[in-house]
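Features reported for this protein in Swiss-Prot:
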| type | residues | note |
| --- | --- | --- |
| ACT_SITE | 142 | active site, proton acceptor |
| BINDING | 18, 19, 20, 21, 22, 23, 24, 25, 26, 43 | ATP binding site |
| COMPBIAS | 402-421 | compositional bias 'Pro residues' |
| COMPBIAS | 422-435 | compositional bias 'Low complexity' |
| COMPBIAS | 446-464 | compositional bias 'Pro residues' |
| COMPBIAS | 472-498 | compositional bias 'Pro residues' |
| DOMAIN | 12-277 | domain 'Protein kinase' |
| REGION | 371-535 | region 'Disordered' |
């Protein structure tokens, strides 16, 4: 028990008690080691121990949290500075800057309900402070009218009484030195549902700030506000009919029941309140606050409402938990996300890459075609002489002058005496006459595959006249069109067999192949030699 006028740490003299809470007491004291004997605030913190001996990990954690408070106070003018910290026996002490001024609770008691303009100025003055601590992954967890002081010197809102040390001191320590659970602190009514469950998020601070603004506008604490039984949303506008639409919209979103429906950052809330999306300075807190009554007043730093303690599991061996009260800051997003400048820079680059890739692929394909030209078309042309079998009936044309050899099928080879190959070109009709009997000659092409060496000249079928050899059907390529008349020949040959009845005479040897083909009708005329015999 600390008594007034007692020196703490042989240096700080207690002037009066400012308040008591679940975690200890708050005193107003003087620093006797300073020439000015400046006033300071001393927080006496009592850990929850079941063992009289303080475990070493708790001392280390208290040291880390004190270092965090020191860093915050030194880098932001709207957060009290930490002068010192020490421990005596089983208790811990923090020595902080004294802020002359009024808490929002005291200011409301003096002035009554705030106007919309005054509340907007207050929010724009405190939101940069919240953004500052949230960027360092710290959650205040106990924002309420008692923990915001309007500084007497300039009227700026000062954020006090961070919950980080309270959470450390609220850790229950078992007799074996281990922690049974940690506490989730906050003030009933100002505490969001997820914070009451021991899982505070950054928007939990915005929820508490929204309820603080409602208190300043209506004079009602959260316990006296009605809510929608279906959605859980707070119904407060009927108590502040003169509130501006913009401010009302901002407060409504800040106090949404579900964290995902609130602002994802203090910056977003400030920008919406200002009605634009310009960047709001988050570290200077240069917005003028609501000026309070003239004259020097002292600020009571103790909370007027009790702080709720909720047990949540905690691992005492987690030496990395410098800020165990914080969580991963996933809700914060930069306002310059998706800058149009980046789109104009990235899109042309993507288009150029696509075009360049297409051109490179085209060059590669053409180079491959040049290096590996497709096979020459000559091969299919060489195969074109397929009509050779249809040309083979040509040798039968030469045999036509002597249809008698038809019975002597084995002697077709000597018959190709027709040296007058040129005549073959002029008598396609005659060809049609004789093929009647050459049908068996179709069997001959199989034994006459000797022309196989000749397919090379077949590429140019015109030189047919050069082929005088009976075996080589070189002239065959020229009459390539003749194969079509072949099917028509059989019906025309039917009249020819009549003269063949008189043909059995010896004339074949008398009339060698020297006779011209145009005299093919000679067989019927052959009766003339018969006349002399009759004579």
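Yeah, the Cβs are placed from backbone N, Cα and C, and that goes for glycine too.
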Shortest C-alpha distance to residue 142 (active site, proton acceptor) - which of the binding-site residues 18, 20, 22, 24, 26:
22
In terms of DSSP three-state secondary structure, what is the assignment for residue 142 (active site, proton acceptor)?
coil
Which three-state DSSP class does residue 26 (ATP binding site) fall into?
strand
If you measure every Cα to Cα pair among 18, 19, 20, 21, 22, 23, 24, 25, 26, 43, the residues listed for ATP, what is the largest value in Å?
14
Kindly assign residue 20 (ATP binding site) to one of the three DSSP-derived states: helix, strand or coil.
strand
With every protein chain in view, what's the tally of Cβ atoms within 10 Å of the Cβ of residue 20 (ATP binding site), excluding that atom itself?
12
Count the other Cβ atoms sitting within 10 Å of the Cβ of residue 22 (ATP binding site), across every protein chain shown.
16
Give me the count of other Cβ atoms within 10 A of the Cβ belonging to residue 24 (ATP binding site).
22
